[in-house]
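Okay, structure first, notes after.
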Amino acid sequence: MTEKTAAAAAPTSDAAPRVPFTKGHGTGNDFVLLADPDGNVHLEAAQVAVLADRHRGIGGDGVIRAVPSRHVEEGRALLAAHPEAEWFMDYRNGDGSIAEMCGNGVRVFVHFLAEKGLVDLAPGESITIGTRAGVKTVSRLAHGYAIDMGPWSYLDPELAEEAASDAMVLTAGLADPRPALSVSMGNPHTVVPVASFEDLEGLDLTRAPEVDPAPAHGTNVEFVAAHEPLVREGVGRVRMRVHERGVGETQSCGTGACAVAVAMRAWSGEGGSDSWLVEVPGGVLGVDFVAHPDGTEHVVLAGPAELVFDGELTV
Ligand SMILES: N[C@@H](CCC[C@H](N)C(=O)O)C(=O)O
């Protein structure tokens, strides 16, 4: 962060400027959150990596800057069509790289805005925010938040009819290479089915799984195993683990849960469902497919968001 940034964010009479931060998480996917109401905070990748470092910094899977849309180029581009998208989620992975979207991050971001008094949002009310994957409408529930993630898509449009597989995952402790399906939720995902919960537990996600063909911009890789029966009382039930691009294995990935639901529904055909409960190591996420008035199908992601502690950075 620049000195100008720090001084603007939290001026003090002493030498070292202090920048307030908040730590939060959604199903164990954890973030460092910074409020930047004046658009003064300039985060370099190396600075993000230090903030996210669990030994030398605060620690987190990602860093989220809450900034008015008018202060960032990507936000200004959204405002013409969506003037209501006052706040923009500037999301960075723990290694400092920029990602288009973060499903858990959106919930935690909106909870942060609401709890810090930056927006008024009571249970039952909704807010539209800007992200690098477009605007998202987030509804506050009695417990947690539901995000309209918009339409999903296959990374390979030719798969629209077949929905079989378009990639192979070669490593992660798999006995054999496994076919996988590439799904976009604004950010890229590679979903790999495994046979059982035991197989899921046995995976080695200490390193990024090798995907062939290698995705041009990297990918998040989700491994998924089904409950037996897969669908109970109309709801599909699965368990997943994820290796996130730019982070490593995480306790949860919201966009990953959506991608898993897309793939499982496609693979199950008539035996699938439009409603899914996705178990992640850090909790449970809900994913629903809903018809949007514009004729497209949208994915709605629901889950908790918690703020854990506040602190001050000295810069
Ligand atoms: N944990 C997030 C996804 C964060 C971005 C991802 N690592 C990427 O690079 O695409 C989620 O909850 O969706």
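Each Cβ is built from the backbone N, Cα and C atoms, and glycine gets one as well.
TrEMBL lists Cys102 with the feature active site, proton donor. Under DSSP, Cys102 (active site, proton donor) is assigned to coil, being neither helix nor strand in the three-state scheme.
The active site annotation in TrEMBL covers Cys102. Taking all protein chains in view, 30 other C-beta atoms sit within 10 angstroms of the C-beta of Cys102 (active site, proton donor).
DSSP assigns Cys253 (active site, proton acceptor) to coil, not to a helix or a strand. In this view, Cys253 (active site, proton acceptor) is surrounded by 36 other Cβ atoms within 10 Å of its Cβ, with every protein chain counted. For Cys253, the entry in TrEMBL reads active site, proton acceptor.
Long-range C-beta contacts of Gly103 (substrate binding site), restricted to its own chain and to partners at least six residues apart, with a cutoff below 8 Å, comprise Ile147, Met149, Met185, Cys253, Gly254, Thr255, Gly256, Ala257, Cys258, Leu285, Leu301. Residues annotated as substrate binding site in TrEMBL: Asn29, Asn93, Gly103, Asn104, Asn187, Asn220, Glu244, Arg245, Gly254, Thr255.
Look at TrEMBL and you will find 1-17 tagged as compositional bias 'Low complexity'.
Feature annotation from TrEMBL assigns region 'Disordered' to 1-22.
Largest CA to CA distance in the substrate binding set (Asn29, Asn93, Gly103, Asn104, Asn187, Asn220, Glu244, Arg245, Gly254, Thr255): 16 Å, whole number. A separation of roughly 11 Å, to the nearest angstrom, links the Cα atoms of Glu244 (substrate binding site) and Cys102 (active site, proton donor).
Under the DSSP three-state reduction, Asn187 (substrate binding site) is assigned to coil, being neither helix nor strand. Local packing around the binding-site residues Asn29, Asn187 was summarised as the count of other Cβ atoms within 10 Å of each Cβ; on this measure the leading residue is Asn29. Glu244 (substrate binding site) is surrounded by 29 other CB atoms, counting those within 10 A of its CB over all protein chains shown.
Rounded to the nearest whole angstrom, the C-alpha distance between Cys102 (active site, proton donor) and Asn187 (substrate binding site) is 8.
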